[in-house]
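Notes for the one structure printed next.
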């Protein structure tokens, strides 16, 4: 079974992102707006992953994430996204999750983001980017939990289990 680990932003952020995604993102109907913490991976049973995520979320405190401007992964990938303002805690969360039983080498450096456009022809990506990069997307939202999601037979993603962040706000070791 294919799993992934994500953060779902606040409803306000989701509504604003969906205003763009429904026009530009081919995955709009497959999963709500999200920030991927660990990209898709295969597991026969989620039991060890659940135990790992329980231990990680015990030490990571709730935090705020700030989205900023529209950016692009082009030419590596024809994707437009809302960037996440650099904050050490999201990198720490990713590092802790991508360890132990969930460790695997990644092809690309972890770049926290919220995808708004993908699977479009290059010229269309350029046109959309030239319009959207001038728009302000500054929004902040609280992150109080992460979600282990699984991919269904139809290709959509569903939450398998949610994990509240329970760490002490004064200690992120």
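Our numbering is plain: 1 for the first residue shown, then up by one each step along the chain.
For all residues, glycine too, the Cβ spot is worked out from N, Cα and C.
Curation plays no part in TrEMBL annotations; they are all automatic predictions.
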Query: According to TrEMBL, which of these ranges is motif 'HXTX 2': 109-112, 113-116, 117-120?
result: 113-116
- prompt: Taking 34-37, 38-41, 42-45 as the choices, which stretch does TrEMBL tie to motif 'HXTX 1'?
  reply: 34-37
Field: Within-chain partners of the motif 'HXTX 1' (34-37) [C-beta distance under 8 Å, separation at least 6 from its ends]
entry: 4-9, 65, 84, 90, 93-94, 97, 112-114, 146
- line: For the motif 'HXTX 1' (34-37), the DSSP helix/strand/coil residue counts are 0 helix, 3 strand, 1 coil
Query: Which whole number is the mean pLDDT over the motif 'HXTX 1' (34-37)?
result: 98
